[in-house]
Structure formats: structure tokens, C-alpha cells
Amino acid sequence: MLEKPRRKPGVWRDRTSVGALGMQNRFLGIAFLGIGLWAWNEKGVLSNISSITDLGGFDPVWLFLVVGGVMFILGFAGCIGALRENTFLLKFFSVFLGIIFFLELTAGVLAFVFKDWIKDQLYFFINNNIRAYRDDIDLQNLIDFTQEYWQCCGAFGADDWNLNIYFNCTDSNASRERCGVPFSCCTKDPAEDVINTQCGYDARQKPEVDQQIVIYTKGCVPQFEKWLQDNLTIVAGIFIGIALLQIFGICLAQNLVSDIEAVRASW
């Protein structure tokens, strides 16, 4: 009676590696999806699906849902494909990962070539979200974090907050925040332990020289460009590390597919 050929040791190594990589991605994907759905539930979106389109700006929850969904699909294909030795799922895993890698590479090249266009789109994106600042708590927290982290205010300056109905300086604006800015635009006093959320009131009614003492007057677009230049090595290292992991995953999956097909052909 003929014995089935023994599997190559490399099959088990690749199978374990791809399975572990897929399992990790699947758990991370579930975690991101869980956070996104929990955030939508807290905001009442799940009970009123039509409210998804009511927000004029960007809902940060979408980021968790998209990233979580992609990671779950990748994790499921890689993990199940490796454990069940399913070449279709393994090929799907490697092709899907390859497409993501290609899109990232394309985005990086286009961002370098069309820097001015990217800058204009970033300006449009920030201003569009400034208009919707009070419409969504997650968006509000995202803008506040951005302005505090980069010590900026608005896209190109504090006057960009005229786009918001609560902060604009028009005579018809009856809001107490008229001609002001959010607290995240205020310069921080190290001696203050409690955040003064009213520190930006009437800030833009002052002369520009006095404004610089109270609030950040530089825009977030130029501040982001400065931060990117100062941390270019770190940012490039992170992207290169992610790219190498993706290439490593593709190679493992393709190698496992080749080993499985070779073993099956020898039966």
C-alpha cells in the first residue's frame, strides 16, 4: 500500500506564519468594527440609519469601520486559508494584500507629484469639517485634538472659523461664541490644571498682535507640512515597515500555495 508523501517542513512553517498573521488581523478587525459600531450606537445612528448622511463633515467612525472591515476580511482569508489549506482563500489573501500595497504606493507617488493639489484638498477637507464642528462629537474631538497637537487654528488661520455658524463674525450671529475660536486654538498655560473652554471667546475681535498671545494663529495645513518635514524619517520608516510586512505576508501566502499544490500533485 502506497503511503502519502510527507509534507515538506516549510509547509508547516508557512502555514503557521500565515495563520498567525491572519488570526491577528481578524482580531484587530473585530476590535475596530466593535469600536465603530459602539460609537454609532452611542450617537443613536444604529437606531436611525438615515442620520449617517446628516453630518456635513467627516465622521471619524467611518475610519474604524473601513479599517476594521478590511482587516477582518484579510484576517479571515489568511487564517482560514492557512488552517484549511484552501488555496483559493490564500490566493485571495495575497491578491487583496497586493492591491492594498499597490494603492498605498500609488497614493504615495501621487501625493509627492501633486503636492499642491493635495494641499488644496486638505484645505477643503478641514474647512468642510469646520462647518460641521458642532454637528458631531467625534468630529469635534478630532478637530480639537488636531489643533492642540499641531498648535494650529483653522486650515490656514484662525479666520477660517468664520465658516462656522457659531464662530463667524457677522452682525446677525447671536451666538456667544461670535468672533471666537474653539478652546483647542488657545495657547496653553502650563500653570493651568483645568482647561478653560471659554478661552477663545471674542479672540478674533482683538488686534492680530494681541491674538498671538491668546490663540494659535498659524493654520493646520502649514503646521502639518512643518511636522511632516521635521519627522520625515520616522514617517518614512513607519510606511516602509508596513510595506515590508505586507510583502512578507504576500510571499508567505504565495509560498504556502506553491507548497500545498506541490504536495497535492505528488499524491
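Heads up, the Cβ atoms here are built off N, Cα and C, so glycines get one too.
Taken from TrEMBL, the feature disulfide bond covers Cys152-Cys185 (among others). Within 10 Å of the Cβ of Cys152 (disulfide bond) there are 26 other Cβ atoms, across all protein chains.
Neighbour density for Cys169 (disulfide bond): within 10 A of its CB lie 13 other CB atoms from the protein chains shown. Per TrEMBL, the feature disulfide bond maps to Cys153-Cys169 (among others).
Annotation source TrEMBL lists transmembrane segment at 21-41 (among others).
Per TrEMBL, transmembrane segment is recorded for 61-83 (among others).
Long-range contacts of the transmembrane segment (95-114) within the same chain, counting only residues at least 6 positions beyond its ends with a Cβ under 8 Å from a Cβ of the stretch, are 70, 73-74, 77, 239, 242-243, 246-247, 249-250, 253. For 95-114 (among others), the entry in TrEMBL reads transmembrane segment.
Annotated transmembrane segment per TrEMBL: 234-257 (among others), in sequence order.
Cα separation, Cys169 (disulfide bond) to Cys152 (disulfide bond), rounded: 20 Å. The Cβ of Cys185 (disulfide bond) has 27 neighbouring Cβ atoms from other residues within 10 Å, across all protein chains displayed.
The C-beta environment of Cys153 (disulfide bond), restricted to residues of the same chain at least 6 apart in sequence and closer than 8 Å, consists of Gln147, Asp160, Trp161, Val181, Cys185, Ile215, Tyr216, Thr217, Lys218, Gly219, Cys220.
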